[in-house]
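Written below as structure tokens is the structure these notes are about.
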Amino acid sequence: MTPQARLRRIRYWLVFFIVGLVLSGVTAFPLVTELRWVDGLLRESWVPAPDALVDFIGTVRTGAETADRDFPFLAYGTDWLAFAHLVIAMAFYGPLRDPVRNLWVIHWGMLCCVAVVPLALIAAPIRGLPWWWIPIDISFGLFGIIPLLIVRRHILALAVSEAAPPGAAPPVVTPAPTPGSAPTPAQA
């Protein structure tokens, strides 16, 4: 694959990831309205939904409406959640412009995706969410890391191709040893 084609792939996957973050953020602003819409949709007879899901969304809707009516300042917390998604999306502008130089942003994003798992496993039970909701939350981290893994692979290959003189075979890159492992003969 040519470096230009690889760069296009990197940018495609980064735009996909950024759009996902932006959509996740923007949809946190009108939370009460969205909950009313989803609750109404799930209660339609033509929508097959488990009773537990319908009841849970109804409870969340009631809680959000009550908080919105009696304590509207609490919605400021979800406004910050939405804003955080937008700011995180902006961080990926660096890799979009110069992927090799900003590989660290991809690694940071992957770390954030992995961090979703312990957060969901710890916070969801503390906040009283049903057990079956935890895999839904975890899936955001798992699905989020997939495009970043693809981007990382292409960035590493792009870095190798940029380091080689034109027409030369790319150099062999040996991974750094992990802590506690013996170095390979090439690293010794």
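Even glycines carry a Cβ here, placed using N, Cα and C.
Whatever TrEMBL says is automated annotation, not expert-curated.
Quick look at what TrEMBL lists:
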COMPBIAS  167-182  compositional bias 'Pro residues'
REGION    165-188  region 'Disordered'
TRANSMEM  12-32  transmembrane segment
TRANSMEM  73-93  transmembrane segment
TRANSMEM  105-126  transmembrane segment
TRANSMEM  132-151  transmembrane segment
Looking at 73-93, 105-126, 132-151, which one has the highest count of Cβ pairs under 8 angstroms to the transmembrane segment (12-32)? 73-93
Per the Cβ filter (under 8 Å) with a sequence gap of at least 6 from its ends, the transmembrane segment (132-151) is approached by 9-10, 13-14, 16-17, 20, 24, 52, 56, 95, 99, 106, 109-110, 112-117, 119-121, 124-125
